Amino acid sequence: MKFAVVSFPGSNCDEDLYYAITDDLHEDATIVPHTTTDLTEFDVILIPGGFSYGDYLRGGAIAKFAPVMAAVKAFAQAGKPVLGICNGFQILTEAGLLPGTLQHNRQMRFICEPEPLLVENSQTMFTAAFQDQQQITLPIAHGEGNYYCDDATLAKLRDRHQIAFTYQHNPNGSVSDIAGITNEAGNVLGMMPHPERAVEAIQGGTDGLLVFKSLLQAHLRTV
Amino acid sequence: MQELKTEPTPAEIRAQKPYEAWGLSQREYDYISQKLIGRLPNYTETGLFAVMWSEHCSYKDSKPILRKFWNDGSRVIQGPGEGAGVLDIGDDQAVVFKAESHNHPSFVEPFEGAATGVGGIIRDIFSMGAKPIASLDSLRFGELDKPKNRYLLTECVAGIAAYGNCIGIPTVGGEIGFDAVYDGNPLVNVMCVGLMDQADLKRGRATGTGNSIIYVGAKTGRDGIHGATFASNEFSDEKAADRSAVQVGDPFMEKLLTDACLEIIHDHSEILMGIQDMGAAGLVSSSAEMASKAKSGVTMNLDLVPQREPGMSAYEIMLSESQERMLLCVKKGEEQTVLDIFARYDLDAVVVGHVTDERQYRLYQHGKLVTDVPVTSLVDDVVERKQPSKKPARLENVQSAQTPIVQQPAETLKALLAQPTIASKRAVFKQYDSQVQANTAVTPGSDAAVVRVRHTKKALAMTTDCNARYIYLDPYVGGQIAVSEAARNIVASGGIPIGITDCLNFGSPNDPESYWELDQSVQGIAQACERFDTPVISGNVSMYNETDGHSIYPTPMIGMVGLIEDVAQITTQSFKTAGDAVYLVGTTGDDFAGSELQKLRGQITPIGQLNFNLDAEAANQRLVQQAIRQGLLQSAHDLSEGGLGVALAEALFEYQLGFEGKTALTNSQLFSETQSRFIVSVQPKDQAEFEALAGKQAVLLGRTTDQDVVQLVTADGQLTASSSELKATFGGALGCLMK
């Protein structure tokens, strides 16, 4: 299975994702630059965390104009899996691939902590290896992770089971405790917590590995 | 040579003496004119001499003392004198580290001052060829009852977070202390650790006649001019307006610069002859030092230097401390390869000069030769000054510290846990990304941070330490203790201490008492380093930490790195399960000199005599090391500020355990700060083996429980407290004080 990790100038979790896939999931991964225009050879696209283009304006606000984004959109429209983590989530909302937006944390400070989460929907290609309502712990590390959407969008997210993960002790002020959502089709997931930082016991936990295992299982079913 | 019209002529400079305000003394000016260059220096040259001869760049005052440091040892690949020191960690890999202070800028402009402190030290690490893998921050502020200190703390932390989080290097540890002596003179010391293959080692050398000097990174602006001189003077409130001496950081630019430089080092090592950060005194210090180390000369055309604004003089271009800039020496004919790589990262890279064999330092601007002096006159010929030194009066006829009476040990413990120096720093640490790179095995809050070395069994433990209250009481013994405490932190984490870096934060070298304190503490540090086989491989001196004539406690911060040979031996301070036996390693006396209890009881300025024995220290460290190696310890925690009481409480918090036990110590001895001690926990099945190994070095204190109670019977009373209440006090104190 071939994973692409899209690296923008300023991405800083690209290597962590690469190693999570190659060392821990034991699958194939390639770090592709922001100038790439064709991603069709890959099975999954991963958009990593970091501070793309410095994020001096707003998380992901510049990255959405990067040359690679047309290929990312085409990939998503073809129904293939796209996972954005942290800054990757911000980029996907800025690019319009996911609804809502990510504001500054309620307390206006960066927060880095292990955070208990609930799996709200285990029927997606990103979460099938979990149980519904399973309690897991993943690290968060963000300054702009406060998810916001209007009431109508929230109602739609709920109705269509697009809420994938919620926080158990809302750390940043996110609407409805949202930590991760999918698009309506279910093939694009954005999440603020970092599954790639929880794939080996030495990192403090392995719950994150199940996100990547879910993708692998979904892929094996299709081939 | 013709001068720019707006600049004074050499004769006018001699008459008006602007160099005195830049920190160059009359004697030095005369020596330079008469002995070194044989004529009067022009305006640009005078400015170059002033910064290059500042203490910050030349270490002219501290060098006679710094030579007393021990920097040998079998692991040393590169000692002091380069961007950072390098130690062998086996498997053809090396660890690279250094610490640097950014005290003065952080007082004037705390956010940018602290942020650029992080940026500067990172460049020192990757300039050696290493990937930066962790940073630590050692901070000191005045007490938080003053709004100014709360502001400085909040802004410094925000600056460190903004820079470190963006660039993707985990901030894994450090320490924060509070004392009124740091009012008006906070300390911001940043340590960065890098990892490299030994084959990638690079140095700051301008070698090979005709090779090109390439300027890379951010454009040069008027920021930070005379930053080095600024750091080599006493500070006053008036100078707080001197913001042009503070630089502004751009972590995004630094990330690109790091990645691009490391790509060249990895893929084109053979054409990269040397590389150095443009740090203090910017372009002049990097180019002159690179030429000095290579025994070559350089010629540069300043018109080619990328500039942020028009009309900058040669003086401004050379002295600017704009951030995120590097200087490379690249083989002639191969420049395009390097320029292409930087172009891919959208970074400026320009050939600005070349290496010559004349050992002359020449600068051209607008077609004119504006500087023409021997390289050696800027770097090697700086006249060292061994300053007069005098033992401070306070250290004659020292009174002994009184043993405080403790009637309610639980209340005393709570009060100590709420002291900002002791209380949990989580409110600060959680603002730092401590896990990016996905290698952090022990996050901030334990004795030392631990970062594993991916694709090996190894890990690196790292810590920063200094109890300045002890240094104030006895700089020599205090220096030994600072190294020993750092080593205890490494050992408690499962590592072998392998080397140190330091930031020597002291008062003015012109004050004989400050100079004596520096000399004594360096000797104490050196002796302990030799004992623990931890050479001093890099470091930084920050003197003139005085504001309006009021000096800080001498604060030689020690940054230590340890090697953990197998990640299975990583140990943390927390007790793991109920039912484990808890032992105290080391003997306890009535040591209250400089203690937190002494301070809590109103003795703000420490008094008393320190007791310390390096042999006992080494023996106790060996015991803990051996016990970890044999797999006997569930946890290990070093005893420091607040003594046994505080250490015992801290070990209970993570897994919400209780404790029940009995000790022959008195109530007050629970808070004694006798050195060389650890608290460790052992599973019942391993107790016999541990006791046989430890002999008289360890004594059983009691057991962990699953109750919410800490109960310790002492010789003259009993400590009884709720574990969760202690945790709440410890966890909440700093956050409350910061509001």
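Note: Cβ is positioned from N, Cα and C throughout, glycine not excepted.
Any TrEMBL annotation is an automated prediction that lacks curation.
Taken verbatim from TrEMBL:
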type     : residues : note
ACT_SITE : A:CYS86  : active site, nucleophile
ACT_SITE : A:HIS194 : active site
ACT_SITE : A:GLU196 : active site
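Distance from the CA of the residue listed as 'active site, nucleophile' to the CA of A:GLU196 (active site) is 11 Å. Of all Cβ atoms in the protein chains displayed, 29 besides its own lie within 10 Å of the Cβ of A:HIS194 (active site).
Note: the CA-CA distance between A:CYS86 (active site, nucleophile) and A:HIS194 (active site) rounds to 7 Å. In the three-state DSSP scheme, A:GLU196 (active site) falls into the helix class. For A:GLU196 (active site), other Cβ atoms within 10 Å of its Cβ number 30. Secondary structure from DSSP puts A:CYS86 (active site, nucleophile) in coil.
For A:CYS86 (active site, nucleophile), the Cβ neighbour count at a 10 Å cut-off comes to 31, with all displayed protein chains included.
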